[in-house]
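Enquirer: Could you have a look at this structure, given as structure tokens, before my questions?
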């Protein structure tokens, strides 16, 4: 049931995001660079709000109630969006449209970090067969939401371009309402996790306790007598039943679990002075993930090109199939989805078993190796896109179309097929790898926040893309003319792609250095490498 509501929300999200730049430029008459920045801002906010939604879910409402509330907000936002393109007077239309967009962003914030985690919670980790199935779950989950997004890009965008925006957005709203009803039908069958105290409180307690004992002298054999309560926190409440093994990274935090004279004489123990081994190791898990999170921003800065500049590229090329049908330029985003739909079964059924025989790892390759392959492919994507754009501009120059931005360049739109396909393959590696990493390596009480963290990579990457555009425009304004202007033939988009490729290559080197020192979660009694 959770899968149904997620697929419907992806259907609604991509049916909107996939063609948003077209609506902004054609109907609201915004410039290309302004429209790109507005799309990036909305995508960014939609991807950062899940951090706040995760906090609410983990510490206040629980995942199930948060999903319900967020889905209702999203549904109301879609209703308002449909009204904004139909019955709202023209002088108020733009304002209402953007209000509706950001209501949807609030709904995304509550829904995104919870629904995947909620679905994964339905697996019992104490049962080996269910634990093994969970690794494949992330692949097939992503395949499901890509199927929803791809169908929206193919069907809804065609309706938006050929029937009208009201019909297109109305279809999205109806699908969302049906999915919400189906989700509610299974309310009694779900395994629900109760909210716990704020995860930030636990993190703060470890840092405060470590600072208070910073002058405690370690013994030559280690830290001395430590508090290692298993299954309870320092106040004796039930906690995580899985015991984390001690690690040597961030040793300064280990002082938070040293029992000094004051701790020994205090009952109950003060959680701001004494923390358990599990608490300390859980904070270390979060700290280890932070550099990985930072090193994936450039990947998503590249990713957002598929629903901005790639669409503008395709709109200038020959898009006809037969004598009477033209493919909407935004529909070519479905190539990413179709590539993912084709690649995931191959990855899960062929690549993983073959790699498992070579590496002995249960997933074939590690999560960080999977992410790294996708980062490398994003560099290749930008190089290919730059070459194709250079070819497109050369044909425009050859046919005297440089100053006719609305003219169709005599070049088939299928030239951009490779860059879309590479984007889809890189998604299979990096996006799914991030989903699994931030679920598997986060403390169990912070898994909604982990889901929000990997989602927020997309948001921050969108803002970084906007910052790069602004910087490049400012630097080049006096020399080659403003890059990414309204006339795509003179916008030097290929130069911009080369800049993105160079920055992505530099980021990839940083990622390799970070990944080489990463230590995976160690759980007592688990011998298999993670």
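Including glycine, each Cβ sits where the backbone N, Cα and C put it.
Copied straight from TrEMBL:
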type     : residues : note
TRANSMEM : 39-61    : transmembrane segment
TRANSMEM : 67-88    : transmembrane segment
TRANSMEM : 140-159  : transmembrane segment
TRANSMEM : 165-187  : transmembrane segment
TRANSMEM : 289-310  : transmembrane segment
TRANSMEM : 330-347  : transmembrane segment
TRANSMEM : 368-388  : transmembrane segment
TRANSMEM : 420-439  : transmembrane segment
TRANSMEM : 451-475  : transmembrane segment
TRANSMEM : 495-520  : transmembrane segment
Enquirer: May I ask you to check whether the transmembrane segment (67-88) and the transmembrane segment (165-187) make contact, with contact taken as at least three Cβ pairs under 8 Å and only pairs 6 or more apart in sequence counted?
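Expert: Yes, these stretches are in contact.
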Enquirer: Using Cβ distances below 8 Å and needing 3 or more such pairs, separated by at least 6 in sequence, tell me whether the transmembrane segment (289-310) contacts the transmembrane segment (451-475).
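Expert: With 3 or more qualifying Cβ pairs, these stretches touch.
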Enquirer: Go through the chain and flag residues at least 6 beyond the ends of the transmembrane segment (140-159) whose CB is under 8 A from any CB in it; none is fine as an answer.
Expert: 3, 6-15, 18-19, 116, 119, 167-168, 171-172, 328, 330-331, 333-334, 336-338, 340-341, 344-345, 348, 428, 431-432, 435
Enquirer: Per the definition of 3+ C-beta pairs under 8 A with sequence separation of 6 or more, do the transmembrane segment (39-61) and the transmembrane segment (495-520) touch?
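Expert: These two segments do not touch.
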Enquirer: Under 8 Å between C-beta atoms and at least six residues away from its ends: which parts of the chain pack against the transmembrane segment (420-439)?
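Expert: Residues 116-117, 120, 135, 138-139, 141-142, 289, 292, 296, 299, 302-303, 306, 310, 332-333, 335-340, 343-344, 347, 367-368, 370-371, 373-375, 377-378, 380-381, 384, 447, 450-451, 453-454, 457 contact the transmembrane segment (420-439) from elsewhere in the chain.
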